[in-house]
Amino acid sequence: MDGSFVQHSVRVLQELNKQREKGQYCDATLDVGGLVFKAHWSVLACCSHFFQRIYGDGTGGSVVLPAGFAEIFGLLLDFFYTGHLALTSGNRDQVLLAAKELRVPEAVELCQSFQPQTSVGQAQSGLGQPASQDVKSHLKEPTDLDEEEVFRTLSLASVDQEPRDTEQPQLGTPAQSTTAFLCGKLTQALKPSPSEDKESEDCKEPPRPFEAGGAPLQGESNEWEVVVQVEDDRDGDYVSEPETVLTRRKSKVIRKPCAAEPALGAGSLTAEPTDSRKGAAVPVECPTCHKKFLSKYYLKVHNRKHTGEKPFECPKCGKCYFRKENLLEHEARNCMNRSEQVFTCSVCQETFRRRMELRLHMVSHTGEMPYKCSSCSQQFMQKKDLQSHMIKLHGAPKPHACPTCAKCFLSRTELQLHEAFKHRGEKLFVCEECGHRASSRNGLQMHIKAKHRNERPYVCEFCSHAFTQKANLNMHLRTHTGEKPFQCHLCGKTFRTQASLDKHNRTHTGERPFSCEFCEQRFTEKGPLLRHVASRHQEGRPHFCQICGKTFKAVEQLRVHVRRHKGVRKFECTECGYKFTRQAHLRRHMEIHDRVENYNPRQRKLRNLIIEDEKMVVVALQPPADLEVGSAEVIVESLTQGGLASQLPSQRLCSEESFASPGVLEPSLIITAAVPEDCDT
């Protein structure tokens, strides 16, 4: 034929096989009993109805096949790419079985022609059917309902972009009766954990197994060992991942045949599922992170990760666990013997109870630590310390970056908590006593200690202020010692905290990361942004003082106002001893001492009045005309009106040498008694 190359299709298939052997352009990952095979979805779909039905839309992913196919799946894969099937008398039965289940008709025909007298389907079914009838039963087109149910329940670990909140696959669906033979009869299975039987009645039941249809194999018990994929519930910190980590666990499924149902071949994938689902497990959802579980028991264990509770404690060594299963495994390893185990130094024969102590001791002999910095001479005992050193001192980037805001973190857990709190607004850790939500486990523990247990063990030696954490105390001590260890490399200004230095650096770079969602205005700090939103874009004054009833738009303004009622003025002038509630007021006051000539400060009203004598409060309610000239109430009234110089003669005021200027008034006045009629001048 003109214009055609008959060997073109053969050459293309050969090139695809070479790509498969090199792992090039392979978009399919097949996990068969722990062995990983790379292939092309297009080739798999062309050769197998099994893959064509599931991945006909071209969606990439990975499929987990039964471990029984591990020895012969490579032969089938070679057949897909070369057309040659290496059959022997030893592997013929296994290849035929796999070809039936994966729906590869050409491979089935080759197996039958290789040994036409024996049939795996006939030997296993025990019904006396010839091999041809058994093969036809596998190759015939099932109904749409059967095929949909079959392929919906296959054990797929799809690598898609959407987060998976449910465990795969969920037991309890009737279609899983058709996948039991696909997974195969395994030889061993883990026994159900005894702790699940010892839990409370409302949560001790694991998900009920499905009732599989079909007759049992002759000479075998009515049990199948099915490999399912469930969520890894190891003892560790809660991690809100976009993709659920899956592990393989063996679960025993009891097969209960029904007397009314017809006898079907055990190996058939087209067995119709039962319509009755009596006692099927209903998924339950976590109210905090909306993760779904198959039973209340798993939900109860999962909630402990939000609360940080570890109720199961080893009586021998005191180690605690989230789950009782982990405690039983720990006890099975004979923790008492492990605690009595000693480690001996090979140089000086000194013994240690812990391996880490021995490693630290060996440094005294060798002078070398296992982890060395490549940029300097420092050495470390742990890899995480070396990583932290490289980031802080040598500018190495943090390994885990946030895709939304490009912020980097040392660990994946920190990144996931950051995404949940900052970008999704989730606070996954909930206090069981008051319902308070925290963004981290450490924040929840701090809340419990401070609010419910009143534990503040770290006390300042200067002002007796107590703190829940030692780091907060150390930061507070810098206000007394004047230590400012963080210095700007551009202008040399020093700060007490790294956060303050970061805020200052934005004044040099011009960065304004906090933007208003209502207008185009941007801010360098979050506090000014909140005040801007409260004053510009929120109606009303929702925050009010419970003492005097004054209302405010921003909660920070209310906090400053309450300090005046309490008499708290922590910003003190070093020149004259005046105290102020805000640092801005202190800076404005310092201008008095800087200016020498032609300074006439603006008269300010009295901002707050603290009266310790209750009798003065009653007298203060009287009209000013009824009071005597020398009483304190007239002075207070004059101060509030801002006209002290015009209402009182100069000789009525007591002179103080500490006053730097006669026109400067203290912004607060504490009155304990009436002012005398005559004052010495």
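Using N, Cα and C of the backbone, Cβ positions are placed for all residues, glycine too.
The annotation Zn(2+) 1 binding site is assigned in Swiss-Prot to C286, C289, H302, H306 on the grounds of a large-scale study or a structure entry. Every protein chain shown contributes to the tally, and the Cβ of C289 (Zn(2+) 1 binding site) ends up with 16 other Cβ atoms within 10 Å.
For C314, C317, H330, C335, the entry in Swiss-Prot reads Zn(2+) 2 binding site. Neighbour density for C317 (Zn(2+) 2 binding site): within 10 A of its CB lie 12 other CB atoms from the protein chains shown.
Long-range C-beta contacts of C345 (Zn(2+) 3 binding site), restricted to its own chain and to partners at least six residues apart, with a cutoff below 8 Å, comprise T351, F352, L358, H361, M362, H365. Marked as Zn(2+) 3 binding site by Swiss-Prot on the basis of a large-scale study or a structure entry: C345, C348, H361, H365.
Positions annotated as Zn(2+) 4 binding site by Swiss-Prot: C373, C376, H389, H394. Under the three-state DSSP scheme, C376 (Zn(2+) 4 binding site) falls in the coil class. Contacts of C376 (Zn(2+) 4 binding site) defined by a Cβ separation under 8 A and a same-chain sequence distance of 6+ are given as L393, H394, in order along the sequence.
The annotation Zn(2+) 5 binding site is assigned in Swiss-Prot to C545, C548, H561, H589. Residues near C545 (Zn(2+) 5 binding site) in space but far in sequence (CB under 8 A, at least 6 apart, same chain), listed by position: T551, F552, L558, H561, V562, H565.
Cβ neighbour count for H593 (Zn(2+) 6 binding site): 13 (other Cβ atoms within 10 Å of its Cβ, all protein chains included). Residues or ranges marked as Zn(2+) 6 binding site in Swiss-Prot: C573, C576, H589, H593.
The annotation compositional bias 'Polar residues' is assigned in Swiss-Prot to 121-134.
Among the features that Swiss-Prot reports, compositional bias 'Basic and acidic residues' is placed at 194-208.
Here Swiss-Prot flags K140 (among others) as SUMO2 cross-link, drawing on similarity to another entry.
Annotated SUMO2 cross-link per Swiss-Prot: K256 (among others), in sequence order, evidence recorded as similarity to another entry.
What Swiss-Prot lists as domain 'BTB' is 26-89.
Feature annotation from Swiss-Prot assigns region 'Disordered' to 121-176 (among others).
Feature annotation from Swiss-Prot assigns region 'Disordered' to 189-222 (among others).
The zinc finger annotation in Swiss-Prot covers 284-306 (among others).
The zinc finger annotation in Swiss-Prot covers 312-337 (among others). Residue counts of the zinc finger (312-337) by helix, strand and coil are 12 helix, 4 strand, 10 coil (DSSP-based).
The DSSP breakdown of the zinc finger (343-365) into helical (H, G, I), extended (E, B) and coil residues amounts to 11 helix, 4 strand, 8 coil. Residues or ranges marked as zinc finger in Swiss-Prot (evidence: a large-scale study or a structure entry): 343-365 (among others).
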In whole Å, how far is C348 (Zn(2+) 3 binding site) from C373 (Zn(2+) 4 binding site) when you measure between their Cα atoms?
28
Where C548 (Zn(2+) 5 binding site) and H389 (Zn(2+) 4 binding site) are concerned, what is their Cα separation in Å, rounded?
53
Restricting to the zinc finger (429-452), what is the model's mean pLDDT?
82
Are there residues at least 6 beyond the ends of the zinc finger (429-452) whose Cβ is under 8 Å from a Cβ of it, and what are they?
237, 288, 306-308, 417, 420-421, 468-469
Shortest C-alpha distance to H389 (Zn(2+) 4 binding site) - which of the binding-site residues C286, C573, H593:
C286
Sort C576 (Zn(2+) 6 binding site) into helix, strand or coil using the DSSP assignment.
coil
According to DSSP, which of helix, strand or coil covers C545 (Zn(2+) 5 binding site)?
coil
Other than C345, C348, H361, H365, which residues of the chain come within 8 Å of the Zn(2+) 3 site, judged by Cβ distance to the Cβ centroid of those residues?
S346, V347, E350, L358, M362, S364
Would you count the other C-beta atoms found within 10 angstroms of the C-beta of H302 (Zn(2+) 1 binding site) for me?
19
